[in-house]
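Scroll down for the structure; my scribbles are underneath it.
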Amino acid sequence: EEQKRLLENRPEQPPQPKVLRIAIIGAPNAGKSTLSNQLLGRKVFPVSKKVHTTRCKAWGVITHEDTQLIILDTPGLTNPLKAKRHNLDEAMLTDPWDSMKRADLVLVLVDVSDHWTRNSLSKEVLKCLSQFPHIPSVLVLNKVDILKKKFLLLEIATDLTEGIVNGKKLEVKSALKEDSSSSAKSPLHITQASPPESKVPGSPFGQEKNQAQEGSGLDNSSDVGGAGTGEAQGPKHHGHKDLKDMKGWPHFQEIFMLAALRGEEVDTLKRYLLMQAKPGPWEFHSDVLTNQSPQEICDNIIREKVLEYLPLEVPYGVTQVTDVWEEGECGELLIVQSLLVPRESHKRMLIGRGGRVISRIAREAGQDLMNAFLCEVRLKLKVEVKG
C-alpha cells in the first residue's frame, strides 16, 4: 500500500531538481541487472547466469541530494527467433526500444569475460544505437575482474569503439603491447578516454593528460572531424549496409571498466551519471527505489532462483501464482506461491531428491526478499503440474 501511494502521488521537488534517464542495453546476460542493483545499493532486479532473466522493463530510482537518476533496466536485446525458443513475450523485443525512446543517456554493457562476443557489439545493439544516434552513449566493459590478461582490455576497447571515443582517435601504446604476458598494469582505474580539455568542471576524472594515457594505454593522438577545432561531429544515422561492416560504435563519449558483481568502480560510474543530470522535475518520490510492486519483485526473485537451479530450457515453462500475501502482527510478511510446471518430470526436478532443490530456492529467495523489503519474510513454495 505504501509503495502504491508513493508511486501514485506527485513527488516533492527540491528547489532546483535535476534528472537523468539512463537506458542500460546489451546482449542477454551481460550483467545489466547486476549493475542496476549495484548502482541502487539494494537488490531489486533478478540476476541469473541464464539468459533472459529480466522479462520486462523495470525502473530503478536513485535520489541523491537534488538529483534523480532513473535506471531503465531492460531485457537483453534479442531477435524474434531466439525469443520464440525461450518462450518470451513480444514485450521482450519491444521494451529495450521503448526504453531508448525515453533515455537521456545510454549505457552499453559488454561482458569482456566472453571471448566469443567481447570484440564486437551485437547486431541488435548496433541497430539500437544507430536508430537513436542523438542520445549520448557510454561504453561499459563489465566483468574485467574475470579477465586474466588485462592488456586485452585495450584491444577490446579499440574494437568496440572503432578506435574513436568522444571524437578522438585512440592508439594503443606500444609498451603495453610488448608486455602482453603481464596482467599487473590494469587500466581499471582509468575510465576516461578523452583528453582533460573536455572535462566537466568538478569531474572526478581530472587527471593530467599524460597520467591518464599512462594508466589506460589509450592515446588520443588526433581529432576526428570538427574542422581542426577538436570538436567531434555529431553521430550520423547509419544504414543497414553500414552496420553490416561495423564491429563497434565510433560515437561513445566515455569508456568505463568495472566489475559489477563485486561493485568495483561502480561508484565512479555513479558519480559520472550524477554529473550528467540536467535540470528537470523529479518523476518519483525520494523514498521510491523502483517502480515495481512488491509482488513483482517477489516473482522476479523466485524466478531467478528457479532459473539458477533448473537445467536448460525447463525453467522458462514455469508459471508462478501467489496464493497468500499477508502481513503478520509483528510486521513479518507471509508469502505462499505455487510454481506450475507443464510435466511431471519437471515437477520432480524442481522438488529435487528429498525436497532439496525447492527448499534451497525458498531459503535463498526468502533471504533476498528480506534484504529487498527490510523485514522478516516467511516464504513457502508449492510445486504442481499445470491442470
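Every residue gets a Cβ built from N, Cα and C, even glycine.
Whatever TrEMBL says is automated annotation, not expert-curated.
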- Have a look at 26-33, 130-137, 290-297, 322-329 and point to the one annotated region 'G1' in TrEMBL. 26-33
- Task: Please give the sequence-distant neighbours of the region 'G4' (142-145): residues at least 6 beyond its ends with Cβ less than 8 Å from one of its Cβ atoms.
- Result: 30-31, 35, 109-113, 153, 186, 188, 257-262, 264
- Message: Per DSSP, what is the helix/strand/coil residue tally across the region 'G1' (26-33)?
- Response: 2 helix, 1 strand, 5 coil
